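Some notes on the structure that comes next.
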Amino acid sequence: MASADKGLEEIQEGQIESNYDETVDSFDTMNLKPELLRGVYAYGFERPSAIQQRAIMPVIKGHDVIAQAQSGTGKTATFSISVLQKLDPNVKQCQALILAPTRELAQQIQKVVVAIGDFMNVECHACIGGTSVRDDMKALQDGPQVVVGTPGRVHDMIQRRFLKTDSMKMFVLDEADEMLSRGFTEQIYDIFQLLPQSTQVVLLSATMPQDVLEVTTKFMRDPVRILVKKAELTLEGIKQFYIAVEKEDWKLDTLSDLYETVTITQAVIFCNTRRKVDWLTDKLTARDFTVSAMHGDMDQGQRDLIMKEFRSGSSRVLIATDLLARGIDVQQVSLVINYDLPANRENYIHRIGRGGRFGRKGVAINFVTAEDVRMMREIEQFYSTQIEEMPMNVADLI
């Protein structure tokens with residue numbers, strides 16, 4: 001499992017240096033089992049996030065992998081998809097062990113594995129402190145293919161021989177920095193000693209302090225290193241407005257009026273559902289507006305083509321769903337319209353935020369019905385920002 005990795009000496013400021021740059025930007029081209037791919041899409045994923053594009057393939061190929069990424073980047077699904085791809089559902093023994101620093105995170109990971117593996121006939125058991133030891137023993141004797149747990153309870157179950165390690169192929173450490181800082185180092189080292197020599201190790205961590213690097217040096221063989229830098233999104237420099245719309249049905253006319261008032265160089269309009277995107281595209285096209293639409297029902301080829309046209313400026317208005325907000329590089333977009341306010345406030349910054357280093361100016365206009373007022377207030381509070389009523393001279397601001 002281990003030989004000292006020379007490359008780790010280059011580390012500065014707790015950041016690893018990537019040594020692997022291949023990316024795969026669609027789930028369809030990862031050669032996943034059909035029933036796993038079905039689970040990925042059923043879970044709501046449309047397109048792999050940055051870490052998923054880079055880390056899933058090396059893990060599936062069997063490399064030891066160190067991935068440095070913040071939470072919220074899609075790392076749970078990264079190792080869940082990889083684990084599910086590699087295990088044999090017909091073998092009723094633990095083939096993958098996932099460690100997490102807290103019970104809550106372990107349970108959350110279990111839910112993701114179960115949901116994505118929904119069509120695969122795979123069992124995943126959460127082995128965590130604070131629950132009945134007897135229940136754990138019983139569940140482990142049934143031979144779940146994936147066990148996710150906290151170091152203390154997992155170590156206990158391996159020592160008592162209820163969690164058998166002889167069929168284990170993969171060992172995943174999630175939030176390794178957290179686990180080590182919580183004093184689990186000894187138990188983690190003990191677990192390593194009890195695993196087969198050939199076990200593949202995958203380690204995920206937001207930071208890379210010395211104790212995490214020691215684990216990688218001791219227990220990982222020539223690891224692939226992937227650093228996903230945190231994209232700092234900011235609302236600075238973006239003027240945010242709302243237009244009060246009395247009822248949902250009036251939004252379309254409001255949008256048409258806005259078109260008349262404003263010369264739009266490029267705009268993205270966000271709706272909350274794919275159906276709404278298609279509906280709005282049809283309505284605007286019928287009113288002789290040129291728009292393109294993009295959502296997850298389209299295949300990757302179509303989406304790439306639409307993005308290319310949009311980036312080159314040959315299409316000026318793009319109507320899209322949230323799931324693509326993170327994938328759209330809207331640096332050149334002067335206007336973002338939230339036809340629907342996002343269903344969760346985190347997506348607001350992905351729709352209208354900009355990479356701070358670009359410092360581009362922009363305008364965001366939110367269509368707000370009476371039902372949306374509460375959500376808008378929540379967004380303002382969450383981001384400590386102000387969304388003001390749109391002034392008459394909005395055209396001068398864009």
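Glycine residues also receive a Cβ, built from the backbone N, Cα and C atoms like all the rest.
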Q: Name the residue range among 134-137, 174-177, 214-217 that Swiss-Prot annotates as motif 'DEAD box'.
A: 174-177
Q | Per-state residue totals over the motif 'DEAD box' (174-177) - DSSP helix, strand, coil | A | 2 helix, 0 strand, 2 coil
Q. If one looks at the chain holding Gly74 (ATP binding site), which residues at least 6 apart in sequence have a CB under 8 angstroms from its CB?
A. Pro48, Ser49, Ala50, Ile51, Gln52
Q. How does the motif 'Q motif' (25-53) divide up by DSSP, counting helix, then strand, then coil residues?
A. 17 helix, 0 strand, 12 coil
Q. Any residues 6+ beyond the ends of the motif 'Q motif' (25-53) with a Cβ under 8 Å from its own?
A. 60, 67, 69, 73-75, 77-78, 81, 84-85, 112, 115-120, 226, 228, 295-296, 299-300, 303, 323-324, 326-327
